[in-house]
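Chemist: The structure under discussion is supplied below as structure tokens; questions concerning it will follow.
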Amino acid sequence: MTFINRWLFSTNHKDIGTLYLIFGTWAGMAGTALSLLIRAELGQPGTLLGDDQIYNVIVTAHAFVMIFFMVMPIMIGGFGNWLVPLMIGAPDMAFPRMNNMSFWLLPPSFLLLLASSTVEAGAGTGWTVYPPLAGNLAHAGASVDLAIFSLHLAGVSSILGAINFITTIINMKPPALSQYQTPLFVWSVLITAILLLLSLPVLAAGITMLLTDRNLNTTFFDPAGGGDPILYQHLFWFFGHPEVYILILPGFGIISHVVAYYAGKKEPFGYMGMVWAMLSIGFLGFIVWAHHMFTVGMDVDTRAYFTSATMIIAIPTGIKVFSWLATLHGGTIKWDPPMLWALGFIFLFTIGGLTGIVLANSSLDIALHDTYYVVAHFHYVLSMGAVFAILAGFTHWFPLFTGFTLHPTWTKAHFGVMFTGVNLTFFPQHFLGLAGMPRRYSDYPDAYTLWNTLSSIGSLISMTAVIMLMFIVWEAFSAKRKVLQPELTATNIEWIHGCPPPYHTFEEPAFVQVQE
């Protein structure tokens, strides 16, 4: 098989998963570089980069790169492609060529996003792309249009991927295997795919109307022609809120596997409760979107509804957190690096969830909206939730993907550095938010200097951790320590074919013996 046939025209779920992991790693480093520019600007009062336009272009690009080109490709494209077929005993994904197209839509999409920064003044709209700031007066030129096309491609990629995963998971299990016997990671990807399938078309509609408002003189979001900019916010957040659950749900699946494995348990505590909790989170995620819009002047009864509905999500989330703790209980805990990431995830994700409950209160949110309290909240659940889950999964399944083991001491040291860095970066931002420092500004009054400086020092520590990770991966491929014998394969069937598994697995249907 030629290099081009294998890597450009691939129809193999393992190879496509590897492509996604490499692309996501690369994009993650670009997104980290953007975040370091943000923290360099905010490290002390005064100006570093120029005006607020270039600052907001960097903020916007940081968000898009991290969400659409790092977290989603790694979690859904990388881990999803690699593990879902292995975990359900399928020979590949349901639509292998569409799988390849889903991946190859991402590099052009990334290219369009980068292009949007290089023409005119760039898209300094924030990742929400609200009009009228994103309209053709405040953002004349092609920047926002290129960003919109970038989102279109990334969206098509995710929709096709979602169709592929839903079909694969429902249709390609052995007949004897019921949906309630599939591993939790498979469930998490299935629910994530359903969320993508239902939410992305609404985003596509919203940004397409914005595109025609900008270029064809329609007035969907322009009051002068009977439109309403608030409509855009509803359309965007109807996608945007499910999106944040799309980013964390596969992480829930990963953490369930890692915690059970390193606690020496044959399954996570409360399997059915975990499944129903994820289903509930997926459903509730669609009916809370306007909690992002408490400041736009909705009726008090509307705000009361969105406050209560948002708080209800804490219940299934709590079920998951306590089930993970119950899985740990009585286990023989192996303090391997994946377990450290998983425990860090549980602790920090819970803190992020608690600040989320604070923000759910519509009255409190009036004061906290668009302050650094919100930034701190969602970076606790993303930078320490989603990213810690990715690193737990990566350190756990790296031997499966490559056949080589990571250096245990250096991987633990990497966890320590990263844990310190992200907490020093984002914990002080709660104080800044409570003190009223607004988001998306490149400068601030002197009173905010201390916490901003500490936050920026934290970002440099996190950067050190990223460099350590790259070195750790290089070291593993360089030293070529082989995997001797994976453990607990009876309840972790992705490992049964060896490390790494052969190019084709389950070529003949798997034999499934159902427990009585």
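In case you wondered, yes, glycine gets a Cβ from its N, Cα and C as well.
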Chemist: Where Swiss-Prot shows E41, G46 binding Na(+), which of S383, S442, S455, S456 is named for the same site?
Modeler: S442
Chemist: Would you identify which residue of H241, H377, H379 Swiss-Prot lists as part of the Cu cation site it also attributes to H291, H292?
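Modeler: Of H241, H377, H379, H241 joins H291, H292 in the Cu cation site that Swiss-Prot records.
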Chemist: Answer yes or no as to whether Swiss-Prot lists G126 and H504 within the same topological domain, that is, on the same side of the membrane.
Modeler: no
Chemist: When you measure from the Cβ of H379 (Fe(II)-heme a binding site), which residues in the chain that are at least 6 apart have a Cβ under 8 Å away?
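Modeler: Result: G352, V422, T425, F426, Q429.
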Chemist: Sequence gap of 6 or more, Cβ distance under 8 Å: name the residues on the same chain that satisfy this around H62 (Fe(II)-heme a binding site), in order along the sequence.
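Modeler: Counting only residues 6 or more apart in sequence, the Cβ neighbours of H62 (Fe(II)-heme a binding site) under 8 Å are G31, L34, S35, I38.
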Chemist: In the same chain, which residue numbers or ranges, 6 or more beyond the ends of the transmembrane segment (229-262), come under 8 angstroms Cβ to Cβ?
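Modeler: Distant Cβ neighbours of the transmembrane segment (229-262) are 67, 71-72, 75-76, 79-80, 128-132, 183-189, 191-192, 195-196, 198-200, 202-203, 205-206, 209-210, 220-223, 268, 274, 278, 281-282, 285-286, 288-293, 296, 320, 324, 327-328, 333-336, 338-339, 341-342, 345-346, 349, 378, 381-382, 385-386, 388-390, 392-393, 396, 488, 491-492.
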Chemist: Pop the Cα-Cα gap between E41 (Na(+) binding site) and H377 (heme a3 binding site) into the table, whole Å please.
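Modeler: Each residue's Cα considered, H377 (heme a3 binding site) and E41 (Na(+) binding site) end up 21 Å apart.
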Chemist: So of all those binding-site residues, H241, Y245, H291, H292, which one's Cα sits nearest to E41 (Na(+) binding site)?
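Modeler: Nearest in space to E41 (Na(+) binding site), counting only the binding-site residues, is H292.
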Chemist: Excluding H241, H291, H292, please set out which residues of the same chain place their CB within 8 Å of the center of the CB atoms of the Cu cation site, keeping sequence order.
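Modeler: Here the nearby residues are W237, G240, V288, W289, A290, M293, F306, T310.
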Chemist: Around the Na(+) site formed by E41, G46, S442, which additional residues qualify by having Cβ within 8 Å of the site's Cβ center?
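Modeler: Surrounding the site, in chain order, are L42, P45, T47, L48, L49, Y55, D443.
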Chemist: If you count every Cβ pair below 8 Å, which range out of 184-213, 337-358, 408-434, 448-479 shares the most with the transmembrane segment (372-401)?
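Modeler: By the under-8 Å Cβ criterion, the transmembrane segment (372-401) pairs most with 337-358.
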